[in-house]
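Annotated in Swiss-Prot:
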- Asp85: active site, proton donor (ACT_SITE)
- Ser50: D-glyceraldehyde 3-phosphate binding site (BINDING)
- His86, His181, His209: Zn(2+) 1 binding site (BINDING)
- Asp107, Glu137: Zn(2+) 2 binding site (BINDING)
- Gly182, Gly210, Gly211, Thr212, Asn231, Val232, Asn233, Thr234: dihydroxyacetone phosphate binding site (BINDING)
- Thr212: phosphothreonine (MOD_RES)
- Thr234: phosphothreonine (MOD_RES)
Amino acid sequence: MSLVSMKEMLNEALRGKYAVGQFNINNLEWTQAILAAAEEEKSPVILGVSEGAARYMGGFKTVVNMVKGLMEDMNITVPVAIHLDHGSSFEKCKAAIDAGFTSVMIDASHHPFEENVRITSQVVEYAHARGVSVEAELGIVGGQEDDVVGEGVIYADPKECEELVKRTGIDCLAPALGSVHGPYKGEPKLGFAEMEKIRDLTGIPLVLHGGTGIPTEQIQRAISLGTSKINVNTENQIAFTKAVRELLAKDPNVYDPRKIIGPGRDAIKATVIGKMREFGSSGKAAQ
């Protein structure tokens, strides 16, 4: 199957009351693991690519060609979107789209509201003309992820969310409602009352960033309140690192990179399968 935009898969998730996982990729093995999990689970999947990860892998075009090649060689039949995570500017989003990304996030949340609307509208106009879906953000998600640093959580304002959606025509919205990038200190406290209000005011799929470490019952409640996309990265990083460390501790003389990285790839696949089942997306690509 060819790459698709996120729009239809997220609208279907919203109607079906489940969420599609965005799992960030960092190299070939991460991409293999996530695609293999999606195919095995018959789940739609979103491959998230941060600007930092794209630079690490060689650039937007390299990433797109790698994903397309793997999808062909692995006989992937489920819907796959390749999504720019936290695009920092119109120019970065345009470069990703021109390289073949099927979805982009423009993160202008650190700008004043009117500037956020202006930049987001510019991205939507360019993206939609090319069949590419757009995610935007309001408020501040705490923690740190690659080039994105949010010192503390600032909740999104529901009325601003409604206005942003109406004025820009975005396909999904990531309102900051208590989640953070990276590990949580203590138990997460998501703003479910605000989430429900934003769902009712906007009517579009909502996105939960910082999905690692949020208890299953909170994940399920978020999905019931319109969250249709959940981002996971830290959990895969931890699983990968744990597997590689265990291998090296067991056999410090190993030097074949495939033997070192392989267990990490397997750990990511197992983690992603668990998340797909938790989010309710398993089996949805077969319907």
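The count begins at 1 with the first shown residue.
Here the Cβ of each residue, glycine as well, is placed from N, Cα and C on the backbone.
Here the features listed in Swiss-Prot are placed on the structure.
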residue : record                                  : DSSP (3 states)
Asp85   : active site, proton donor               : strand
Glu137  : Zn(2+) 2 binding site                   : strand
His209  : Zn(2+) 1 binding site                   : coil
Asn231  : dihydroxyacetone phosphate binding site : strand
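Cα of Thr212 (dihydroxyacetone phosphate binding site) to Cα of Asp107 (Zn(2+) 2 binding site): a distance of 20 Å. Each residue contributes its Cα atom, and for Asp107 (Zn(2+) 2 binding site) and Val232 (dihydroxyacetone phosphate binding site) these two points are 17 Å apart. Ranked by how many other Cβ atoms sit within 10 Å of their Cβ, the binding-site residues Thr212, Asn231 place Thr212 at the bottom. Rounded to a whole number, the distance between the Cα atoms of His209 (Zn(2+) 1 binding site) and Asn233 (dihydroxyacetone phosphate binding site) is 10 Å. Using Asn231 (dihydroxyacetone phosphate binding site) as the reference Cα, a 10 A cut-off selects His209 from the binding-site residues Ser50, Glu137, His209.
Neighbours of Asp85 (active site, proton donor) among the binding-site residues Glu137, Gly210, Gly211, Val232, Thr234, defined as a Cα within 10 Å of its Cα, are absent: none qualifies. When the Cα atoms are compared, Glu137 (Zn(2+) 2 binding site) and His86 (Zn(2+) 1 binding site) turn out to be 9 Å apart.
In this structure, the CA atom of Thr234 (dihydroxyacetone phosphate binding site) is 13 Å away from the CA atom of Ser50 (D-glyceraldehyde 3-phosphate binding site). Val232 (dihydroxyacetone phosphate binding site) is 8 Å away from His209 (Zn(2+) 1 binding site) when you measure Cα to Cα. In this structure the C-alpha atoms belonging to Gly211 (dihydroxyacetone phosphate binding site) and His86 (Zn(2+) 1 binding site) are separated by 15 Å. Between Ser50 (D-glyceraldehyde 3-phosphate binding site) and His86 (Zn(2+) 1 binding site), the C-alpha separation comes to 6 Å. Fewest Cβ neighbours within 10 Å among the binding-site residues His86, His209: this applies to His86.
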